[in-house]
Amino acid sequence: MSDSDSFEQFSDVGEAEVTRAIGQEWTEEFMDFSDSDVIIVGGGPSGLMAAKELAERGVQVMVVEKNNYLGGGFWLGGFLMNKVTVRDPAQQVLDELEVDHKRSKDSEGLYVANGPEACSGLIKAACDAGAKMQNMTEFTDIVIREDHRVGGIVMNWTPVHALPREITCVDPIAVEADLVIDATGHDAMAVKKLDERGVLNAPGLEDEASGMDQTDDDTYGAPGHDSPGHDSMWVGESEDAVVEHTGLAHDGLVVTGMATATTYGLPRMGPTFGAMLVSGKRAAQVALDELEVDAEPVDVTSRDATPADD
């Protein structure tokens, strides 16, 4: 072997040492975040954006995501095409994330970016800011206090849900937080738990239809996307409405992103992500206000700003 082909051998570390390193680091981090300032349920674009903004301001944030991967639907645009769009002024968020983007050839005020670059850039930004990620972990319920104030979440390993019921006597655990953010997308899972108990006014869930999320011999739906809570697609109305309605839905619970549309019965916006990013920013500011954190305000974008050169 020539000198150019040689390399310094890996350190002499065995299997048990690898296992201990993983277990010790995970346990230490999890213990630190078992009682957090903010728990964000859902690691899609709005949840990650809120996590980034809060962590940058010194807020202790844990993101709970049921999938092995973070990012939700931000990896792809519509129809399995991996280009994502944002409408002005949300391209400013892509600038912040140092994500390349360009103006649409045919539409003024519409910008296109590479989905994997945008999504991975947002994940990295949230992690770099100090937000902690608990993936493969499924939200199952909320923790409540007096007057049903939200005080945390109940969660379990995601694979437990897929096991046959007769062998799944696996109790969940609970973690506490001063504030919970529902960023679970179309499902609005935390909001639904309160709605089921009759303690939350969620107009989008009051007359919830049935069958839209079912796929069997007699029905077809797109699970997680044809939510009965939100209205049909209307890009021009939906994005503004989602940002405007982002905020405190119940004492201790902030709603952001598509969970906002489901909660309030707003139209969906399809494969354009500006509202998801800006809604996450707004949710972070609401959280800062609720927690009375003395920090620099979150910069929610404005169309008065000068767009970046492409």
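From the backbone N, Cα and C atoms, a Cβ is placed for every residue, glycine too.
Neighbours of Met258 (NAD(+) binding site), defined as other CB atoms within 10 A of its CB across all chains, total 33. Residues or ranges marked as NAD(+) binding site in Swiss-Prot: Ser46, Glu65, Lys66, Gly73, Asp171, Met258.
Cys169 (2,3-didehydroalanine (Cys)) is surrounded by 8 other CB atoms, counting those within 10 A of its CB over all protein chains shown. Look at Swiss-Prot and you will find Cys169 tagged as 2,3-didehydroalanine (Cys), backed by sequence analysis.
Sequence annotations record features per position, and here Swiss-Prot assigns Fe cation binding site to Asp171, His186 based on sequence analysis. Spatially close to Asp171 (NAD(+) binding site) yet at least six residues away along the chain are Asn156, judged by Cβ distances under 8 angstroms. Taken residue by residue with DSSP, Asp171 (NAD(+) binding site) is part of neither helix nor strand, so it is coil.
What Swiss-Prot lists as region 'Disordered' is 202-226.
Summarising the annotation, Swiss-Prot assigns compositional bias 'Acidic residues' to 205-219.
In the three-state DSSP scheme, Arg268 (glycine binding site) is classed as strand. Sequence annotations record features per position, and here Swiss-Prot assigns glycine binding site to Arg268 based on sequence analysis.
Spacing of Glu65 (NAD(+) binding site) relative to His186 (Fe cation binding site) is 14 Å (Cα to Cα, whole number).
Met258 (NAD(+) binding site) has His186 as its nearest neighbour among the recorded positions Cys169, His186, Arg268, going by CA to CA distance. Of all Cα pairs drawn from Ser46, Glu65, Lys66, Gly73, Asp171, Met258, which the record names as binding NAD(+), the longest spans 30 Å.
Glu65 (NAD(+) binding site) counts 26 other C-beta atoms within 10 Å of its own C-beta, drawing on all protein chains shown. Nearest neighbour of His186 (Fe cation binding site) by Cα distance, taken over the recorded positions Gly73, Cys169, Arg268: Arg268.
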